[in-house]
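TrEMBL lists 14-77 with the feature domain 'Chitin synthase N-terminal'. What TrEMBL lists as transmembrane segment is 416-434, 446-469, 489-508, 515-541, 547-563, 570-588, 594-619, 737-757, 777-802. The region 'Disordered' feature in TrEMBL is assigned to 673-724. Positions annotated as compositional bias 'Low complexity' by TrEMBL: 678-707.
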Amino acid sequence: MSMPVPIHYVFKPKKVQLTDGNLVLDTPVPTSYLSAVDHQSGKEFETMRYMAVTCDADMVPEGRYKLRTHSLNRSIEIAICLTVNEESPQAFCLTLHSLIKNIKQMCAPDSKSKSHKNPIWSEEDSWKKVVICIVADGRRNLNPVILKVLASMGCWQEGVAKNQVNGNAVQAHIFEYSTQVSVDSKLKLKGRTLKNSNKHHFPPIQIVFCLKERHTKKLNSHRWFFNALCPLLQPKITLLTTAGAKIGNGSLFHLWNAFDRNPNTAGACGEIRVAKGLLWWKVLNPIIAAQIFEYKVSSVLEKPFESIFGYISVMPGALVAYRYETLLPEPISGKGPLTTYFEPDYLVFSDDHHDVGEVLEYSYFAEDQILPFLVATRPHAQNTMQYVRSAWAETELPAGIGSFLGMKRKWQNRRFFGLIYAISHVAAIWRSGHNVARKLWMTLEIIYLGCDTIFWFLALGNYYLVFYYMAKTLAVAPHFSLGGTGFMLMRYVYICLIVVVTMISMGNRPRGQSLYLFILSFVFFACIQAYILFAAGYLTFLHATEFLPYANWESFATVVAVFKAAGYHVLILALVCCYAVYLVSAILYGEPWHMIACFVQFMLLMPSYVSVLGVYAFCNMHEVNWGIKEPEDHEKDPLISRDAIYHASTVLMPDERSVAAAYQDALDDLDRKKRPKTSLQASSSSPTSILPLHSGSSSSSLLPKPVTSEKAKPKGTATRPRRDDIKTMQSDYYTTFRTRILLLWIVANGALVITISADQLAPYLTLDDGSNLYVTIVVWIITVGATGRFLGSLVYLLGWIWQFFRQFSS
C-alpha cells in the first residue's frame, strides 16, 4: 500500500487525536512561502488542513466531517467546482488562474469594477464568501505537475495523505488552504512572492482540493462536489467549470449578479468563446472556423432565444451556475434534481444487482443536460434559466477531424437525449409553481424544440432529398453539360459514402485508414454543398432570364412575379433569410467578424455535420463511459472494522525540513530553467506519494481476509452477481438500446427518401415552377425557425440594453 517518496524526506511518528473518529491533520506551511505573503497570522494561513474521507460522497455530511469554513462560521456566497481529469498542467492553471483573477476583481474591487457598488463585495474581507473546490478524478490519473502547482500554492504537501484510517480505505483526500499566490498557464508563479505590486497581489483564496482515490469520471466528481462538499459549505450559488476553460474577466460577478437581481433565477450560463490565436490565424483551419461560427450562432441566436422562455436546453459545462437551494431534495419525498442527475452513478457504485433497464436511458445518455430541465420544472417552484451575455469562458477546440468527431459525437448525443427527456416529461412544467402564462410559454418552447428535434432526426434524409431534386433538375437544364450520367454517378457515390461512413463508425475510432475515409467524406460533402448552392443560383438565374425581356422594372409587382417564376425561388428566399438573420443578429450584438472570417467554411462543412457527424454520433451512442466508469475492485482494500471506536492514532509525518525541501522542489519544477522539458509531459498515470496510516490497533495485517470461496458462504445465502457480470449486462443493454435507436433512425430516413423520391408521387409533388413541394416545405421550416430565433434574440437584446441602462442610472 505504500507509495515511493523522495529519499530526502524524513518522516517521524506523531500521535494525533481523531476528530469525531476522522483523521484531520493541520500541517504547517513552509516558512519561505509564509514570509513572502501579506497574511501570515491565523491558522488558515499558517497551516494546511488534510482530512481523510473513508465513506461515500453521500455519507460525508453524516460522517461528522467538517471544513474550515464551518468552524470559522463563514457564509459562502459562491462555491466553484473545478473538475480535473487528465488535463495538462497548463490547462489546469489556465482555469484556476482565471478564477483567482475573477475573485480578485470581485473581492478587491477598484474604481473600474462594478462589484464595489454591491455591499456584499465592498467589504474588505469579502474573499471569505468564495471557495474554489478542485475535484481531481483519481489519484493515479492526476498529472504529477499539477500537484507541484498546488504545492507551490500551499495547497498540497508530499507525504501527508494516508491510504487508510483504522482499517477503513480512504475514498477521497481533502486538502484546505487559503492561498495568496497563483500560477498562470505558463507555469509562472504570480503573487507578492515575485513582484511587490498591486498587479500581482491577490487576496486570500479559499481552496478545497478533493483528490478522489479512484478514477470514476466527471459525473462522480460532481457528486462529490454537490453531495459531499456543498452540504458542508452551504453556498448560495454553485458554479461548475472544467480544466482548460479560461473564465473571462468579470464573468464570476456577472453570473452572481444574475441570481442576485432575480430571486427566481435558478440557473445561469455564459457565452462560450473559442481561442482564435494571434491575428485569428486558427480560422485558416476550416474545422476550427466552422466551430467558431457555430458557437457564435449559438451565443447570438439560440441561447438568447431560449433564455426569454425561461428554459435553456443546452447549458455549457465550462461555465454554468445553479442556485444551490433549488438543487436540494424535497423535504417530504426526498427527491430532487440531483437525485435524478446522479441516478446512473448510483447504479454503477451499487453492490446490489439491478435490472439495468430501470435506469432512464434518456437521462443516462443526456448526462448534465437534464439538470436545467429538472431545475426549471421543480414542483411548486418558479425556477427559470438565464443566459448571461456579459459572462464568458474561452476554450480550445479540436483542430483535427478525429478529435472533432469525438467531441461532436458526445455533444450531439447529450443534446439529443436531453431534448428527448424534456419532451417526454413536458407534463412536469404544469406541476411546477410557474403562473399559467409562464407554463404556456415554456410548453410552447418545448413544442418548438420537439419540432426542431424531429427535423434534426430526419436531417440525413432531408439533405439528400434537397441534393436529389436540385441535381436532377440541373442535369436536364439547358447550357449545362453534366447530364443524367453525371447525376446518377454523384447519386451513387453519395449513397455509397453514407454506407461507408456508417460501417467505419460502428465501433471504430477515427484513426488510421478510417480517418482517411472520414476526411474523404468531409471533402466530398463539401463539394456537394458547393454544387447545391451553384445549382440553386443557376436555376434561378436561368428561369428569371426567360421573363426579363417582358419585365416592367418600374412595377414592384412585376419584379415579384419574375422572382416567383424562377425555379426554386423559395430555396433562394430561405437562404437569403438565413444569411440575413445571421448577419443582422451578429451586427446587432457587435460581433460581425465571424460572418466574414468563418461563414464560407461553415457552409461547406454543414452537410458533414448531418451526413458524417450525425451518423458517427448515432453509431457510437452506446459508449456509456462518458460520465462514469466502473470503480476498482474493493477486495484489495482491508476489511472495515465496525466494532471498535478509535480516538487516537499514530501517523508518520514529514518533518519541517522535509516540508521546506518539498516546497522548494515544487518551485524548481515550475521554473522552466531548472525543470527538464519532458517534465510537463509526465505520465498522468504516475501515482502520487501516499503513505498508509499506521495504527497499532488497526493494522491491516491483523485483519481477516475477505471470504471469497463459495463453499465458505452460509447455506441459503443468495449469490450476488459479480461486478464484471453486471458491467457486461450494462454494456449489452446499452448496446442493444443503441441498435434500436440506430435502426429507427435509418428506417425513418430511408422511408422518407423512398417515399418522397418515388416516381408515383412526382406529379403530386411538382409545382408549377418545376420545384418540389417537399423541398419547399423544408426550406420554409428552416426560414420560419431562423426568423423565430432572430425575434427571440432581438427581445433578449432589448431587455439586456434596458437592464444595462437601469444599472447605469442607479
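Cβ coordinates are placed from backbone N, Cα and C, and glycine is handled just like the others.
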Which residues, given as numbers and ranges, are at least 6 beyond the ends of the transmembrane segment (594-619) yet have a Cβ under 8 Å from it?
280, 283, 286-287, 289-290, 292-294, 296, 405, 408-409, 412-413, 416, 459-460, 463, 497-498, 501-502, 505-507, 510, 518, 521-522, 525-526, 528-530, 533, 582-583, 586, 738, 741-742, 745
Note: vs the transmembrane segment (446-469), the recorded stretch with the largest number of Cβ pairs under 8 Å from 416-434, 570-588, 737-757, 777-802 is 737-757
May I ask you to check whether the transmembrane segment (777-802) and the transmembrane segment (416-434) make contact, with contact taken as at least three Cβ pairs under 8 Å and only pairs 6 or more apart in sequence counted?
no
Should anything in the same chain at least six residues away from the transmembrane segment (570-588) have a Cβ under 8 Å from its Cβ atoms, list it; otherwise answer none.
296-297, 300-301, 466, 470, 533, 536-537, 540, 594-595, 599, 771, 775-776, 779-780, 782-783, 786-787, 789-790, 793-794, 797
Where does the mean pLDDT land for the domain 'Chitin synthase N-terminal' (14-77)?
88
